[in-house]
Each structure stands twice: as structure tokens, then as C-alpha cells.
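Before any comments, here is the structure.
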Amino acid sequence: MPELPEVENVRRTLENLVTGKTIEDVIVTYPKIVKRPDDAEIFKEMLKGETIENIKRRGKFLLLYVTNYVIVSHLRMEGKFLLHQEDEPIDKHTHVRFLFTDGTELHYKDVRKFGTMHLFKKGEEMNQMPLADLGPEPFDAELTPQYLHERLQKTNRKIKVVLLDQRLLVGLGNIYVDEVLFRSQIHPEREASSLTAEEIERIYEATVTTLGEAVKRGGSTIRTYINSQGQIGSFQELLNVYGKKGEPCVTCGTILEKTVVGGRGTHYCPICQPRI
């Protein structure tokens, strides 16, 4: 699933490609992707004649701002936005097409069909689901060690489960939580309330640093991720633990292990990340 670094790179590349383009028509071949309004036909009619003004990101969501509305899109596992010419072949996994007046088309492709789109009037999007309950952005001033400390001390859930909760902070998924906890030297099954202030400080620093580095490297291409210009990321070359079960730890040489935490495959070093 694309996490914050991947979605941010999609945002940047997509904004360069489609800002200023006017939507002439919308073709939806898999209506279940459109969650709001309930009728995909209404979604299509509302967007006709709208011009894309800019594209923002909130956590793992893309926000496409047009003249009067905002399209809130979640890519889920395999979603991709790619720009095409009108005469190019249409991939069988293309489920939404935004046809522009200049003859180009923005295609939303999704092999798994898990992605979603919500359409809101401008100004309504942040106060309604799916954005209303999201926590702070990792790079915002609102996220501080003190913020994390106050919230982590109130829950006995395992720290990995807590960090995956987008209500605490946004953007972390399975890949980057494993990497953050390795850099923090925290076992993924530690109870959040057991963490010291110093350990929480390490988690904060590792979160900001890891995500920042991953954004600069274009994200991580583990399976099929590409940005909207068709480019892969390179941060996968710097991963320390994710997907590396059975390999030696880069720090101590111990063989890395994999377990399941909160239903998610979890990679860690049993020596560098002791379960106290």
C-alpha cells in the first residue's frame, strides 16, 4: 500500500501533469470506487467543466482541488494515476477516466479495485469522513514528542498497532513503521504505555527522519508502485528490516525475524529491538 512518501511523490508528479486542465467528461467503469456521492453518474456530472487548480495530500489521501469541488482519493493497495493521450489503448485495470479538453486523459488504474474517491464541496472535506479523524502530519509543528507521549501513555496496545493508527498521526504504514521501530530500537510488541520519554523521543525523530528520506528518494517500490510519471522509488534500497526476514541485521549481524502484530507481517531484529 502506498504510504506517505509514495503518495507525496504521486502528488508532486501529478500536480505537474494536470494542473490547469479542464475536465470535459468523466468515464467510470467500476462505480464502487466512487463513495460520495452514492451515484457515480452524479459524480461525473458534477465534475464536467471543472478545472484542476492544485493537488494536496492529507496523510495517505490525495486531494484534487477543482473549481468548486475536491476529489479525495485513497490509492489503497494498487491505485495509480497516469496521464494518457486520448488515442492510447486503455488498460483493462483502468476504472476511472478524466477526459480533458486538450485531448489528454487522466486514468485511475487499480488492479485490486480497493481504491476510493469522495467528492466534496470545497471547505467541507476536512470536517467529514474519511479525513475528519486523521491525526497530525509528521512534518507539522503539531506533532511533537510531548504530543506522542501524552497519547501513548494512555494505551496498552502494542506500539506497532498504535503507530499504524491514522488517528494518532498520519502517513505510516507497514513498511515505515517497521523501519521507524528498528531505528528507534523498540520491539514492535512493546506496550505503548511502557515506553519511556526517551524512547518516545527516538520514535518521533525516526518517524520524521525516515519519512523525510523516503520522500526525497521517491518512496519505496516494493511491488508495483510508480509515481504519476511512471517512475519507481529507490528508498527500498535503504530499508533495514522490512522484507528482510532471514537476513543479517545491518547493525549487529543477528538474523532478522518476522512475526505478526495486529494482523500485519512485522520485521525486526531480536537483539537491537529487545522485548523488555
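The first residue you see is number 1, and the count goes up from there.
Using the three backbone atoms N, Cα and C, a Cβ is placed for every residue, glycine included.
Computed from a predicted structure; not experimentally measured.
The Cβ of P2 (active site, schiff-base intermediate with DNA) lies under 8 Å from the Cβ of V10, K60, L75, G79, G173, G219, Y225, each of these being in the same chain and 6 or more residues away along the sequence. In the three-state DSSP scheme, P2 (active site, schiff-base intermediate with DNA) falls into the coil class. The feature active site, schiff-base intermediate with DNA is assigned by Swiss-Prot to P2.
A sphere of 10 angstroms centred on the C-beta of E3 (active site, proton donor) encloses 22 other C-beta atoms. The active site, proton donor annotation in Swiss-Prot covers E3 (among others).
The feature active site, proton donor is assigned by Swiss-Prot to K60 (among others), with sequence analysis given as support. In the shown protein chains, 23 other C-beta atoms lie within 10 A of the C-beta of K60 (active site, proton donor).
Taken from Swiss-Prot, the feature active site, proton donor applies to R264 (among others), supported by sequence analysis. Cβ neighbours of R264 (active site, proton donor) (same chain, under 8 Å, six or more residues apart in sequence): K160, L164, N174.
What Swiss-Prot records for H93, R112 is DNA binding site, and it gives sequence analysis as the kind of evidence. In the three-state DSSP assignment, the secondary structure recorded for R112 (DNA binding site) is coil.
For the zinc finger (240-274), the residues of the chain that approach it from at least six positions outside its boundaries are 158, 160-161, 164, 174-175, 178-179, 181-183, 185-189, 222, judged by C-beta separation under 8 angstroms. What Swiss-Prot lists as zinc finger is 240-274.
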(message) What does the DSSP secondary structure composition of the zinc finger (240-274) look like, as residue counts for helix, strand and coil?
(response) 0 helix, 12 strand, 23 coil
(message) Mean pLDDT for the zinc finger (240-274), rounded to an integer?
(response) 98
(request) Work out how many Å separate E3 (active site, proton donor) and R112 (DNA binding site) at their Cα atoms, rounded off. (result) 17
